[in-house]
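Features reported for this protein in TrEMBL:
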type	residues	note
BINDING	A:Cys69, A:Cys72, A:His73	heme c 1 binding site
BINDING	A:Cys220, A:Cys223, A:His224	heme c 2 binding site
DOMAIN	A:46-194	domain 'Di-haem cytochrome c peroxidase'
SIGNAL	A:1-17	signal peptide
Amino acid sequence: MKLLFISILMFFLVACGQNKEHETYQWQIPKDYPKPQVPRDNPMTKAKVKLGRFLFYDKNLSANQTQSCASCHHQKNAFSENRAVSIGSTGQSHRRNALALVNIAYNKTLTWAHPSLDSIERQVLLPMFGETPVEMGITGNENEVLSRFKSVQYQNLFKNAFDDESVNFDKINKALSSFVRRLTSFNSPFDRYAYAMDDNALSVSQIRGMDLFFSERLECHHCHGGFNFTQSTAHEKQLLDRRPFHNTGLYDIDGKGSYPDTDMGLNEITLNKRDMGAFRAPTLRNIALTAPYMHDGSIHTLAEVIDHYAAGGKAIKSVNKRNKNSKNQFRSPFVKGFEINEREKKDLINFLNALTDTSFISDPELSNPFN
Amino acid sequence: MKRFLITAFILAIFFIIGCQSEPNTKLTFIPVINGKKITCTHDFKFNEQLWRLNSFQFYLSKIKFNGINQTVTYDQSKTDVSHQVALLGTACRGGKNWQLILDNTINKLAELEFELAVPFELNHSNPLSSKAPLNQADMFWTWQLGHKFFRLDMVNQTHVDKNWSFHLGSTGCDSASVMRAPKVPCKNPNRVKFTIKQFDYRKPIYIHLDRLFFNLTLNQKHTCMGDANKESCNLLYENLNKGDLFSQEVREVK
């Protein structure tokens, strides 16, 4: 009878309690920073992150064994690629620039322009199985690819991560996602100045640049605000999600705001005219390492990016020449152009350089484990 | 055995009740233009032009009923939250929240007071360690200026390039840089107090945006991001200080 009594008590205590499933994982983030949201069916564990790291750098994951995830996401470039667009394992060009994998655990949405792709687990499937373009090229070669992960080393890694040494794509996906979720970067000079209150962490020029960045004149922070320098964020303490997309005035091929057929951004998914040329603002953390810029890698340097925004979008000039029409109905109201002198531009670039976290790009725990 | 069963039953009831929320008062807000509800999904007409909401959010604090301070409450799944401040509204493509829950039960007419603002002592703290909803990045300027108390972004559907925004917050804040908090209150706190004399807990509170726009031509030139020297900002502050933005009366104007 006492047992029944205790059982009833326990039942209600548990029913009122919180899920503590992944509380044991030690995030590599500063104290008091909010933790990312993690899906219930893929809680973070050290073992999964370790397996994911091996898989991330293993070319055996591509059908023809020529590429790994790291082929397009280099640690030295904050896990981006220093070319306009990436080229898949079979030589096909991607139409978009490889995004830096920096703090994407905090992204509300993944990839450049998709309003509902909000799970890293689903995003990881695209380079693995996508056919337009082929990236890893696994589709049609599933069994052959899986057969390459039966070594003793991988059996141990899978067993530690999942209590079971069998290999399947669900486990590969969960481990890769866990490693990518682990790619957190919060140790830039800016962090030391803003959050660790070290007044000497930024130079005078960088502080001037920071003040400009957050000014209403330049309006950078309207799209690149918040602790992750993008407004598209979510974390465990955030009550309301945010998933904004912006047209930066990069193209206007007909004087009516149209983007090239090859990439019309969010409009391709929503089919909403208002979403023409709208893309998610990526984080600016480590931005100095992730050139070239914009969704198609069409701008080469930070100085040119500033020129683009100072002009209110570079499409304005080109359209003016052809159509004498400088109005783009889809362009973000925050991209309206601004005056900036050479010293201010230099200050702004110096500030953007202060967002580089050198410990992130040299962290041995994130490097190629096969080296 | 019977005694054990009865005790267990009573405890079970106790825990079931413990899991449920306390009685409380809900304030529901509805944005209207000329008495007509506006949403993110439908265009609305103002001064013969069509507009669409892109974002409309605001903070309320110092909420009082008959002069007594009230506490904002949340359902039990929300932890680490501020009970002094509520964030209402929508960012259109993201989540929305038009209801504020107070932990006191009000079941008769009462005088309702609140500030459209974040109190100074909470306004300039580290947003990373702030409790929700003060950790909402799109409602934060910098440590120097603090939070945007009110944010309204509208897209003009009639004329290209004539979008309009109003972001309200404290200005004239003095500190070493944008990432440092001011030690003394800002020159222009821009906190606006509202009173609804005969608040009826059974009725929603309407936000009359047409009263905010009174005498203002909505276009990009008249966007206001807090510049105290800008004519449009001064007009908006004047309209806000009339105190009639929030009311429980609504009449649709054709």
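Glycine too: its Cβ is placed from the backbone N, Cα and C atoms.
What TrEMBL says about a protein is an automatic prediction, not a curated fact.
Distribution of TrEMBL features across the structure.
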residue	record	CB count, 10 Å
A:Cys69	heme c 1 binding site	24
A:Cys72	heme c 1 binding site	25
A:His73	heme c 1 binding site	22
A:Cys220	heme c 2 binding site	22
A:Cys223	heme c 2 binding site	23
A:His224	heme c 2 binding site	20
Other same-chain residues whose Cβ falls within 8 Å of the Cβ centroid of A:Cys220, A:Cys223, A:His224, the recorded heme c 2 site, in sequence order: A:Phe213, A:Glu219, A:His221, A:His222, A:Gly225, A:Phe229, A:Thr230, A:Gln231, A:Ala281, A:Leu284, A:Phe334
Cβ within 8 Å of the mean position of the Cβ atoms of A:Cys69, A:Cys72, A:His73: remaining residues of the chain near heme c 1: A:Phe56, A:Ser68, A:Ala70, A:Ser71, A:His74, A:Phe79, A:Glu81, A:Ser86, A:Ala98, A:Leu101, A:Pro127
A:Cys223 (heme c 2 binding site) and A:His73 (heme c 1 binding site), distance between Cα atoms, whole Å: 24
Alpha-carbon distance [A:Cys223 (heme c 2 binding site); A:Cys69 (heme c 1 binding site)] in Å: 28
Average model confidence [pLDDT] within the domain 'Di-haem cytochrome c peroxidase' (A:46-194): 95
Rounded Cα separation (Å) that holds between A:Cys220 (heme c 2 binding site) and A:Cys72 (heme c 1 binding site): 28
Where A:Cys69 (heme c 1 binding site) sits in the secondary structure, as DSSP reduces it to three classes: helix
Helix, strand or coil at A:Cys223 (heme c 2 binding site) [DSSP, three-state]: helix
Whole-number Å value for how far A:His224 (heme c 2 binding site) lies from A:Cys72 (heme c 1 binding site) (Cα to Cα): 24
